[in-house]
């Protein structure tokens, strides 16, 4: 059951590779190894020393690895006190195990990393923007971070809790292809009315190009975002009614090999 004040998750550096260009407009990006390293920087607690399941060959550089965190034990006096000091107390591990596709051990490690970044137990939009901007210092990621935050904050209360974080992370990392595509659709559906308009997609495209900064400018022509939106709709809007529904979105993505390949980038990150 969802606890009071609960929303839906933080996380995912949407820095996919060039094969995802058909869907997001990203210019050619890092390899899966580089993506994984960036993801591990977002959550230092997910380094190989914390999660034994992480492949050593894809681990973050040693300089990025913090000390190995002590597992969270909800039955210990110390951790009980630690949990009592945060503004938002997370649901029990057993309940989160049932709601996500993470093991108890993974949830323990994720909680410690989340609390290190967000001692109060929740993160608001401004803090989220600050965290996200670290990964795109060459550009302006604020608009894209807002869209991403709203996708995680599904109850629209202006904050993301640990439960939200792991719920979204579970979809991104462990969800089925349909689950991931549905999550992506929700990200692009800015007003959450069940369809994507050209105006919404243009806002997304502009925010992506702004975020990538010097990796797209000055080579990027001013009209490039709008041209990409037209290409997107020509591909996705099957019945030509001017909007893209979730059914059209998922069907079109599933028929695109490049998009399907890019959806595998987060497999086995942790």
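Cβ from N, Cα, C; glycine included.
So that you can see what the record holds, here are the features copied from Swiss-Prot:
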| type | residues | note |
| --- | --- | --- |
| REGION | 1-34 | region 'Disordered' |
| LIPID | 45 | S-palmitoyl cysteine |
| LIPID | 46 | S-palmitoyl cysteine |
| BINDING | 153, 155, 157, 159, 164 | Ca(2+) 1 binding site |
| BINDING | 189, 191, 193, 195, 200 | Ca(2+) 2 binding site |
| DOMAIN | 224-259 | domain 'EF-hand 4' |
| REGION | 257-270 | region 'Interaction with KCND2' |
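When the alpha carbons of residue 191 (Ca(2+) 2 binding site) and residue 157 (Ca(2+) 1 binding site) are compared, the span between them is 15 angstrom. Annotation note: residue 155 (Ca(2+) 1 binding site) sits in a coil segment as assigned by DSSP.
Taking the Cβ of residue 189 (Ca(2+) 2 binding site) as centre and 10 Å as the limit, one finds 23 other Cβ atoms among all the protein chains shown. Ranked by CA distance from residue 164 (Ca(2+) 1 binding site), the binding-site residues 189, 193, 195, 200 have 189 at the top as the closest. DSSP labels the residues of the domain 'EF-hand 4' (224-259) in these numbers: 25 helix, 3 strand, 8 coil. Neighbours of the Ca(2+) 2 site: apart from 189, 191, 193, 195, 200, residues of the same chain with C-beta atoms within 8 angstroms of the site's C-beta centroid are 188, 190, 192, 194, 196, 197, 243. The binding-site residues 157, 193 differ in how many other CB atoms lie within 10 Å of their CB, and the one with the most is 157. DSSP classifies residue 164 (Ca(2+) 1 binding site) as helix under the three-state reduction.
Cα separation, residue 195 (Ca(2+) 2 binding site) to residue 159 (Ca(2+) 1 binding site), rounded: 24 Å.
Distance noted between the C-alpha atoms of residue 153 (Ca(2+) 1 binding site) and residue 200 (Ca(2+) 2 binding site) is 18 Å. Residue 195 (Ca(2+) 2 binding site) falls within a strand when secondary structure is assigned with DSSP.
Within 10 Å of the C-beta of residue 195 (Ca(2+) 2 binding site) there are 18 other C-beta atoms, taking all protein chains into account.
The sparsest Cβ neighbourhood within 10 Å, among the listed binding-site residues (153, 164, 200), is found at 200.
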